[in-house]
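*Asks:* Reproduced below are the annotations present in Swiss-Prot:
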- Thr10, Gly11, Ser12, Ile13, Asn124, Glu126, Gly205: NADPH binding site (BINDING)
- Lys125, Ser151, Glu152, Ser176, His199, Ser212, Asn217, Lys218, Glu221: 1-deoxy-D-xylulose 5-phosphate binding site (BINDING)
- Asp150, Glu152, Glu221: Mn(2+) binding site (BINDING)
Amino acid sequence: MKKLSILGVTGSIGTQALDVIKNSNGELKLIGVTANSSVEKMIKIIEEFDPKYVGMMDKTCAGEIKEYCDKNNKSTIVLSEMKGLNKIASLEEIDIVLTSLVGMIGLEPTLEAIKAKKDIALANKETLVVAGELVMSEAKKNNVKILPVDSEHSAIYQSLRGNDLKTLNKIILTASGGPFRGKKICDLNDISVDDALNHPKWNMGRKISIDSATLMNKGLEVIEAHWLFECDYDNIQVVIHPQSIVHSMVEYCDGSIIAQLGAADMRLPIQYALNYTERKNLIAKTLDFYEVSQLTFEKPDLETFKPLKLAFKAGKQGGLMPTILNGANEAAVALFLDEKIEFLDIFNIIENCMNRFEEETKKPLTLENIIELDKKVKKYVVDMK
């Protein structure tokens with residue numbers, strides 16, 4: 001039996017991970033869970049899975065959970081705020097931590113889990129985007145596996161198994177193209193929140209759905225792939241693949257290309273990461289090639305979807321520049337979801353911040369500098385409006 005904590009259990013990845021656990025025939029045991037403020041969802045999880053530890057970022061919500069547990073004679077240990085997240089990420093009795101928190105908030109507990117020598121099933125891409133050098137160094141020092149949960153990175157991970165990284169020639173990251181594939185910049189005026197959330201293939205949370213619409217999600221995945229697979233940015237290629245069947249590919253030095261294909265179901269990479277190194281019986285629909293009429297691939301439009309281009313630029317510059325990129329994007333997406341800015345404003349805000357905070361990138365890459373700069377960038381974006 002493998003014991004785990006899930007950070008961000010009430011979100012899209014977290015809830016799909018619960019489905020994986022339910023179908024694991026007792027081979028996966030949930031010990032700790034965290035959420036931000038979703039009290040009702042957390043109570044249902046406590047009733048069904050009976051985790052020993054529950055953490056809520058919101059202290060008031062943690063109080064509500066504790067009151068519920070006391071009234072119902074639950075022995076659940078309820079923790080709160082970042083201290084609680086860090087504790088649940090580093091519990092002595094767990095084997096692996098699924099980090100499915102959205103945004104920069106996932107960085108600190110992920111590092112705490114690594115220092116406690118817990119393997120990481122990583123769904124929080126921002127952790128590697130802003131601190132890839134720190135995280136991978138810490139993982140190597142503590143002999144910790146970083147197992148990607150993103151479908152694309154899981155595909156690459158599987159395609160690389162049994163092969164030497166030195167034989168890797170190129171990573172080919174596939175992207176669905178999002179809801180606005182084929183559109184030009186002039187077509188992206190007056191885009192509503194609902195338009196941008198309407199992803200054609202994947203069931204995802206609100207923030208990542210907007211990132212997919214701008215192609216920033218793919219940009220963040222490029223930076224993540226650089227750190228996970230020690231691959232130079234010039235050897236990472238993004239291709240638009242609207243069918244979302246080929247989840248990504250690896251080209252080797254001899255020209256051979258190995259791809260991982262499957263249904264567009266996030267439970268597959270979640271299940272693979274949580275059960276690594278074993279493969280378990282499928283809980284999702286399998287791919288039927290008789291129903292696959294075609295597989296097509298296109299070049300991304302970097303002029304229309306500038307966030308992808310900016311992500312390559314930030315990744316190549318390195319240091320603290322990805323922190324600026326990510327912080328500006330997080331703040332801008334939040335404003336767009338609150339209908340305070342237009343869709344195309346997201347693009348302009350990111351580029352503006354990368355230029356404005358250029359001097360900050362001369363500082364050394366430390367956890368303290370990352371956190372400080374992230375706050376500074378987000379405050380600047382919010383104060384703009």
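Yeah, the Cβs are placed from backbone N, Cα and C, and that goes for glycine too.
Computed from a predicted structure; not experimentally measured.
Explain the structural surroundings of these features, please.
*Replies:* Ser12 (NADPH binding site) carries a helical DSSP state (H, G or I).
Mapped onto three states, the DSSP output places Glu221 (1-deoxy-D-xylulose 5-phosphate binding site) in helix.
Non-local contacts of Asp150 (Mn(2+) binding site) by the CB criterion (under 8 A, 6+ apart in sequence, same chain) comprise Leu122, Ala123, Lys125, Glu221, Glu224, Pro269.
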*Asks:* Would you find the one among the binding-site residues Lys125, His199 whose Cβ has the most company, meaning other Cβ atoms within 10 Å?
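*Replies:* Comparing the binding-site residues Lys125, His199, the most crowded Cβ belongs to Lys125.
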*Asks:* Other than Asp150, Glu152, Glu221, which residues of the chain come within 8 Å of the Mn(2+) site, judged by Cβ distance to the Cβ centroid of those residues?
*Replies:* Lys125, Pro148, Ser151, His153, Ser154, Leu173, Asn217, Lys218, Glu224, Ala225, Ser248
*Asks:* Please tell me which one of the binding-site residues listed here (Gly11, Asn124, Gly205) sits closest to Glu152 (1-deoxy-D-xylulose 5-phosphate binding site), measuring Cα to Cα?
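*Replies:* Among Gly11, Asn124, Gly205, Asn124.
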*Asks:* Using a 10 Å radius around each Cβ and counting other Cβ atoms from all shown chains, which of the binding-site residues Gly11, Gly205 yields the largest count?
*Replies:* Gly11
*Asks:* Of all the binding-site residues here, Glu126, Glu152, Glu221, which one's CB has the most other CB atoms within 10 A?
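*Replies:* In terms of Cβ crowding, the pick is Glu221.
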